[in-house]
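Enquirer: TrEMBL lists these features:
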{"type": "ACT_SITE", "residues": "LYS33", "note": "active site, proton acceptor"}
{"type": "ACT_SITE", "residues": "TYR252", "note": "active site, proton acceptor"}
{"type": "BINDING", "residues": "ARG127, MET300", "note": "substrate binding site"}
{"type": "DOMAIN", "residues": "231-355", "note": "domain 'Alanine racemase C-terminal'"}
{"type": "MOD_RES", "residues": "LYS33", "note": "N6-(pyridoxal phosphate)lysine"}
Amino acid sequence: MRAWLEIEMDNLLFNIDKIRKKVENREIMAVVKANSYGFGAKETVRYLSEHGVKKFAVACLDEALELRELKLPVEILILGVIFLDEIDIADRNDIQITVGNWDQIEYIKKNNLKVGVHIKIDTGMGRLGFLPEEGERVVEYCLANNINIVGIYSHLSDADGFNRESDNYTETQIKKFQIFEKYKDRVKYIHILNSGGILRFNHELSGNLVRAGICMYGMIANYRVPELKRVFCVKTKILSIRTVEEDSFISYGRKYTLHKGETYATIGVGYADGIKKEFSNRSYVIIENEKCPIIGEICMDMCMVKIPDSIKDKVQIETEVIVVRDDIIEEINVEHKCSWDILTGIGRRVYRVYKENGKPYLITR
Ligand SMILES: *Cc1c(COP(=O)(O)O)cnc(C)c1O
């Protein structure tokens with residue numbers, strides 16, 4: 001294999017158990033949108049559903065239908081927009097939908113659909129949904145008109161801001177949402193907490209369900225969560241090694257000069273595998289436990305890394321290289337929140353290697 005993403009499924013489960021303890025009596029919905037953050041939605045859902053997770057969230061109808069192919073007894077919620085001509089399909093496939101406008105409600109009422117609905121409230125994300133006061137009218141209308149409301153929810157926009165202003169904003173969002181607590185006897189799920197909320201704001205009165213995304217993978221924004229375990233690692237191999245005999249430019253655009261006597265390796269991943277171009281001359285990989293800086297522009301299918309003298313004699317063609325891992329993301333990206341962006345960007349030609357107790361049990365693409 002040229003490049004592969006290793007996923008430690010037992011650690012994923014460990015993390016979910018930790019989250020479960022943290023959120024106490026709230027239920028967990030695992031967010032597996034975007035192919036489960038790049039880790040493979042089908043295998044993730046299959047594995048988690050065997051281990052007690054029964055609620056999943058995706059972004060769109062296609063993702064929900066893909067999961068229904070597994071024929072598992074799980075609840076599935078579409079967090080994103082559902083178009084009117086998709087609502088019947090969701091209904092027929094027992095897929096819950098998010099409702100954020102009146103047209104959807106009228107359509108459901110007119111066609112007498114029994115589809116499970118979660119009303120989306122915008123408490124400050126500024127993306128989709130009804131503002132809180134209108135949201136109350138919507139809930140009342142749905143309850144009065146026999147629309148099958150399963151949930152009411154909102155989304156936090158800055159729960160991982162890690163500063164006073166962000167935290168105040170999050171608390172304001174949670175407070176605004178609290179007017180919906182009064183429906184808890186008539187509506188099954190009231191929910192607002194995402195990963196940042198779960199890890200940092202679950203002391204608040206904030207519903208009876210949480211939506212866990214990136215925290216399942218041991219992270220919050222770009223930070224590792226100390227009490228959670230490492231789940232993922234992208235690996236590749238060394239394709240070539242060379243010690244330069246004179247100062248030499250490396251890669252496209254001559255942006256990096258390697259000096260006489262220095263050693264470098266070409267490795268088997270590039271930006272088409274999801275190794276972002278912004279990492280050029282900025283990130284590093286790990287070989288034989290040493291950090292090796294990425295030098296020069298990252299190419300589509302390969303990139304070059306500097307080999308420190310300390311490991312020069314240990315590396316050879318086909319030596320394994322760690323390219324993306326939680327500690328690398330944490331170290332290089334603290335100023336942008338891009339762990340989601342990196343993980344969901346890992347390319348299609350990177351194999352997914354699912355492991356349990358350190359041993360691979362399934363390899364897919
Ligand atoms: C993506 C998403 C989540 C999960 O977010 P994380 O920060 O990864 O936990 C939860 N709720 C909604 C509405 C989302 O779109």
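The backbone N, Cα and C atoms fix where each Cβ goes, glycine too.
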Enquirer: Including all protein chains shown, what's the count of other C-beta atoms within 10 A of the C-beta of MET300 (substrate binding site)?
Expert: 13
Enquirer: Could you tally the C-beta atoms, other than its own, that fall within 10 angstroms of the C-beta of LYS33 (active site, proton acceptor)?
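Expert: Summing over all protein chains shown, LYS33 (active site, proton acceptor) has 19 other Cβ atoms within 10 Å.
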Enquirer: May I ask you to report the DSSP-based helix, strand or coil state of ARG127 (substrate binding site)?
Expert: coil
Enquirer: Starting from the Cβ of ARG127 (substrate binding site), draw a 10 Å sphere and report how many other Cβ atoms land inside it.
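Expert: Step by step: centre on the Cβ of ARG127 (substrate binding site), count other Cβ atoms within 10 Å, giving 11.
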Enquirer: Once near-sequence residues are set aside, which residues in the chain of TYR252 (active site, proton acceptor), 6 or more away, have Cβ atoms under 8 Å from its Cβ?
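Expert: Within the chain, TYR252 (active site, proton acceptor) has Cβ neighbours under 8 Å at GLY296, GLU297, CYS299.
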Enquirer: Restricting to the domain 'Alanine racemase C-terminal' (231-355), report the mean pLDDT as a whole number.
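Expert: Average per-residue pLDDT within the domain 'Alanine racemase C-terminal' (231-355): 95.
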Enquirer: Return only the integer: C-alpha distance in Å from MET300 (substrate binding site) to LYS33 (active site, proton acceptor).
Expert: 26
